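Taken verbatim from TrEMBL:
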| type | residues | note |
| --- | --- | --- |
| DOMAIN | 1-166 | domain 'Major facilitator superfamily (MFS) profile' |
| TRANSMEM | 12-30 | transmembrane segment |
| TRANSMEM | 37-59 | transmembrane segment |
| TRANSMEM | 71-98 | transmembrane segment |
| TRANSMEM | 110-130 | transmembrane segment |
| TRANSMEM | 142-162 | transmembrane segment |
Amino acid sequence: MTGNDSQLFATGVYGCVKTAACFVFLVFVADSLGRRWSLLWTAASQGIFLYIVGIYGRVQPPIKGEPVTAFGYVAITCIYLWAASFQFGWGPVCWILVSEIPTARLRATNVAIAAGTQWLFNFVCARSVLTMQATMGKAGYGMFFMFGSFCFIMGLFVWFFVPETKGLSLESMDDLFGVTELVKQVDAEPELGAPDSIREERADIKT
């Protein structure tokens, strides 16, 4: 295959790996492993895979026109393993969390904010990754160390601040995250804010 064909083939395989891994996770793993542990082990594995790619770029950077070395194939494999790990944790699990934690009243707003934030940082990464690749060492190895470090930091954040929410009801979510009794009353009894005439009318209907 030519250079362009190889790039297109590698991109196609990358997309297939991500799709297959996400399907396996959602169907077979999401409810058995849980949200917290999915995020923890994939944060660690993603960081390790990115560090390996960074080490490859540092000690044995690819040379145009030269055949791929054994370490190069290891780095390519790590890219695919990183994609699979992402789809076993930080890809789908974040969307599960932002939709199952808030109450029905806040769910749409919560998901909208999460989606907007994600697309904002997708744009930032897309605009800056080529610059980082050109300025952060040969083959951009420093970029992989930076993103790998972010993965480990995300794992620490989950360890200390993200509890397990698998199988919990909305009432249990309130207790888990320490929602005050006042907020519970506002969510459970919205009619308390209605005018007195409306509340009296409802009372007359009930009697």
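Positions of Cβ are set from backbone N, Cα and C atoms, glycine also.
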Q. Near the transmembrane segment (110-130), which same-chain residues lie under 8 Å Cβ to Cβ, leaving out any that are not at least 6 residues past its ends?
A. 94-95, 98-99, 101-102, 143
Q | Folded-back contacts onto the transmembrane segment (12-30), same chain, C-beta under 8 angstroms, at least six residues removed | A | 38, 79-80, 83-89, 91-93, 96
(Q) Can you work out which residues elsewhere in the same chain, 6+ from the ends of the transmembrane segment (142-162), have a Cβ less than 8 Å from its Cβ atoms? (A) 35-36, 39-40, 43-44, 46-51, 53-54, 57, 90, 97, 129, 132-133, 136
